[in-house]
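The annotation transmembrane segment is assigned in TrEMBL to B:102-135, B:191-215, B:262-283, B:295-318, B:346-367, B:401-427, B:439-456, B:462-482, B:494-517, B:523-541, B:571-600, B:620-641 (among others). Marked as domain 'ABC transmembrane type-1' by TrEMBL: B:143-322, B:459-638.
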Amino acid sequence: MADQEVVISCRNLWKVFGDGAEKLDLTPRTTVEALRRSGHVAAVRDVSLDIRKGEMLVVMGLSGSGKSTLVRCLARLIEATAGEVLVEGRDIGKLGEGELIDLRRRKMGMVFQSFGLLPHRTALENVAFPLEMRGQDRASRIARASEMLALVGLKGREGYFPRELSGGQQQRVGIARSLAVEPDIWFLDEPFSALDPLIRREMQDEFLRLKGMMAKTIVFITHDFDEALRLADRIAIMKDGAVEQCDTPERIVMAPATEYVAKFTSAVDRSRVVRAGALARPVAGAAVEGAAVAADETLHGLARMLLCDPRARIPVAGRDGALVGLMDREAAVEIVLGPVA
Amino acid sequence: MMGVRVAAGGMRPDRVTVARGLLAVALALVVLKGVLPDWVMRLPEGMVLPFADWINAGFAFLRDDLGLMAFTRAFADVVEFLLDVTANLLYGKSRWPDLGPIPWVVIAGTMAVIGHALGGWRLAALSGGTFVWIAVMGQWKWAMETLSVIVVAAPLSVALGLLAGIAAWRWRGVERVLNPLLNIAQSMPHFAYMIPVVVFIGVGPKAGAIVTIIFSVPPMIRMTMLGLRGVSPEIIESGKMCGTTRWQLMTRVRLPAARTELLIGVNQVIMQSLAMVVLASFIGMPGLGQKLLQLLQALKIGLSVEIGITIVLLAVVLDRLTKAWAHRQPVHHAAGASFALRHRMALVWLGIVVAGVILAQLSPYFVEVERKQALSLAGPVDAVVDVVITGVGPVTDWLRWFLITWVLIPLRDGFLALPVLAVLIFLAGVGWRVGGQRSALVCLAFFLPIALSGWWDRAMITVYMVAVSVALALAVGLPLGLYGAAKPARAGRVLLVCDTLQTFPSFIYLIPVIMLFGVNDVAVVAAVMVFATVPIVRYTIEGLRGVPSEVVEAAEMSGANRRQVMWRVKLPLAVPTLLVGANQSVMFALFMVIIAAFIGTQDLGQEMQRALSTTDVGKGLTLGFAVAFIGLMVDHLLLTWSRERGAALRTGV
Ligand SMILES: Nc1ncnc2c1ncn2[C@@H]1O[C@H](COP(=O)(O)OP(=O)(O)OP(=O)(O)O)[C@@H](O)[C@H]1O
Ligand SMILES: [Mg+2]
């Protein structure tokens, strides 16, 4: 992933709500308390991130930690108070109105936390709306919109108005709408929050498929750690507007940068996160015996084998079959069973 | 109990002391007025400011030097052209496009179809039935004269209001200028609008249409601002992410999402238009209003009742139709519905039009009902009224005599005997008690100009009529409200009646009271009282129903009986809402007192009518502002009081 070009990059991004926020002198040392005393709310504090092409960044954090605000700044739905956002190398804070509209029409899609459907349009017309704005002709946009609705499992509901759909159905209309223009950059603010577990799982699978097919750059907000683990390339954990840590799921869980992140991830089943590759130690002359396990397999997936296998050290092989190293079985079992209560 | 104590605690003691001091001074002035110099009684001539001359000078400047006359004439010509078109279509005035008149069966059928589309069979019957009634009663031409103005004025008003509302929403500066203007405009009596229009346009349907447009714009502006502000931010953001330009965002996202508020604005525009069009008969607007005015002046009760019923039916139909439209939510068609099914209403309508046109070919009765073919209720109504009047005559005669000699005249003389200075200090005291120094100053700022304008005596007569009527309205309305609120089902019914009564143009209330009391002060007070009772009943019910049930249950658990619950818990908690009702009642009363002037009162309204007949803009507007300022001051006092009480109760409970 590291070799791909950076698509979205933000530098020392701040969003402070309250009167006269533009005039504040914001430095990395400005504290939340100081701002609160002057009657301001810091929703995003000094965030710097790089998101690469085809990467999926999952943003997590407690309610009110600034996730939605961060994404709104990235899409320039609200103006950042300080710092800059570069999209494909261009500072979107400096784009003119026409350029911004063009960027949104061609490149960006967004799913909103509370859906944001247009109440006076049917599901089909809602999905076709961005195409209409692009000036696409009627027949082709209706065809495309029906296809998108079918993709999210809403075939037959094309003529329904948002009021006549359940929360989960409305959410899927929102997802279909954001996909209609085939965006390269996709912002998703808790896109599955209103879905039942079954459909949720289906949508996640669909999602992974789309992501694999089209190399989209995705920023995804969720409260669900399992979802994050399934989907994320990297996870950013936010607290009070600041990003505490932004790293691979494995490192977030195994090597938390701050106490807060450690607490945040304490309930996570580590065996579902840690992959065999992470435990592989150099062979260093030890004996290599038996079949190797795949480096990108989670310990959870290997649990049965780990418990039954007589070997003390198990060889780990990369995707190309080459030996990566040896995994200490006892250490792996320790993780699977969890710490002694 | 708790409500009372909380409020007393919330009021700072120094405010009460200052207020008491001011009230004591005012009282002293009244008691000692015999020995005090004359200027305490009435401001000396030298202090009266020639507001009227200033306004006239301003208007002369606008008209002559700025050439506004040319502009208004041009606008009036456009309006006149549109009026001619609708007049031709609706009642066959010989103007372009020379197609009309559309047969009444077609119009009645069309209204029924619209009613069905918006609100089902009942609304279809109501709206179709109303137009059938108008036709068979032989009032078609008058009603169409009235409607032809509304059909032109309401859309123009909506368009103007929409533009102004969008501008005020977009630029804070515009809003800052517009808001106080709207406040004044909405408390100016109808006649104040007519006088400048007569100066610029003259009299007749054109002037009637233009005054209607001006009068009905303010609510549309307000509802537009409200609607645009209320659109959820996520809907707007989702529109932006779809790549909308500003224009697309406004026309395809913001305005459609604010649909309900905008349509409620349309409803208010239409209701205001109807009220104004009826009154515009004073400036030569033909139609139902003019007929009603003539018949009332000739005391032809039966015929005026017929017209009154028509006006009431029209008001109810227009109100129900537009409200149904505002609250209608889109519904999808079943997948694969055929063309005929999807456009059923349109096909039915087409059928009705064709049938109507064929009927009209067969007999002219279906084009317009001649006067001699028309049915009439006048005979029976007059007979019944005669019987009733002779029956209750002694009672009403005695009541009239009693009220005039023992209540109205002494009260009027009492109000007139109050020294100007005492009234001003009294108002400052009340203001101070309610909202501190700021409110005291606001009260003075509204009332001092009235003293300076030289119309003090007239204003005091208006105040006295409003005061008496509102006091009577409270005496009648509160018990009615208490009775109505006792059971939920009953409350719903009473509220529906109130709603319906509120849609009637105020003019209508004069018919029954003239019938009972003849043409005098008692009739005016009675009409005003009835009109002002409606909001009191309505807000009493809403206030009592708004009391949280846990509070009532808690009181019952502590052993309060029904009386105690009502007096110690429910009523104190309902006070903020009751005050809002009282405020609306005062506003209604003010408007009605001014309208009732043509029955012969001696207040500001009477002078305004004189100004209207001599087209004296300066005088008319000065009087209009005087009425508006009385209203705005009461509005400020009662709403501040209501807010303070509400805040005190919220922190206390
Ligand atoms: N328009 C606004 N004006 C003032 N404060 C705001 C505004 N929008 C957000 N905030 C504040 O910014 C902070 C972050 O809000 P944000 O919506 O980004 O939280 P979030 O992480 O998305 O929470 P959730 O998980 O509940 O969606 C909150 O404290 C919120 O009160
Ligand atoms: Mg959020």
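Going from the start of the chain as shown, residues are counted 1 onward.
Here the Cβ of each residue, glycine as well, is placed from N, Cα and C on the backbone.
Just so you know, TrEMBL annotations never went through curation; they're auto-generated.
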Look at every Cβ pair spanning the transmembrane segment (B:295-318) and the transmembrane segment (B:462-482), keep those 6 or more apart in sequence, and say whether at least 3 of them are under 8 Å.
no
List, by number or range, the same-chain residues at least 6 past the transmembrane segment (B:571-600) whose CB is under 8 A from its CB atoms?
2-4, 187, 189-191, 279, 282, 293, 462, 465-466, 469-470, 473-474, 477, 506-507, 509-510, 514, 519-520, 523-524, 527-529, 531-536, 538-540, 542-544, 546-547, 551, 606, 608-609, 627, 630-631, 634-635, 638-639, 641-643, 645-646, 649, 653
List, by number or range, the same-chain residues at least 6 past the transmembrane segment (B:262-283) whose CB is under 8 A from its CB atoms?
146, 149-150, 153-154, 157-158, 161-162, 165, 190-191, 193-194, 197-198, 203-204, 207-208, 211-212, 215-217, 219-220, 222-224, 227, 255, 289-290, 292-293, 311, 314-315, 318-319, 322-323, 325-326, 503, 505-507, 595, 598, 609, 612
Mind checking which residues reach the transmembrane segment (B:401-427)? Cβ under 8 Å, same chain, six or more beyond either end.
22-23, 25-27, 29-30, 33, 36, 39-43, 443-444, 447-448, 451, 456-457, 460-461, 463-464, 467-468, 520-522, 525, 633
Sequence-remote contacts (6 or more beyond its ends) of the transmembrane segment (B:494-517), Cβ cut-off under 8 Å?
271, 274-275, 278-279, 289, 292, 296, 299, 301, 304-305, 308, 311-312, 315-316, 319, 385, 389, 392, 396, 400, 480, 484, 523-524, 526-527, 530-531, 534-535, 537-538, 541-542, 588, 591-592, 595-596, 599
So if I exclude everything within five residues of the ends of the transmembrane segment (B:462-482), which remaining residues of that chain have a CB under 8 angstroms from its CBs? That is, six or more out.
407-408, 411-412, 415, 494, 521, 524-525, 528-530, 532-541, 544, 566, 581-582, 585-586, 589-590, 592-594, 601, 603-605, 627, 630
For the transmembrane segment (B:102-135), could you work out the same-chain residues 6 or more beyond its ends whose Cβ comes under 8 Å from its Cβ atoms?
89-90, 143, 309-310, 313-314, 316-317, 320-321, 324-325, 328, 345, 348-349, 352-353, 355-357, 359-360, 366-369
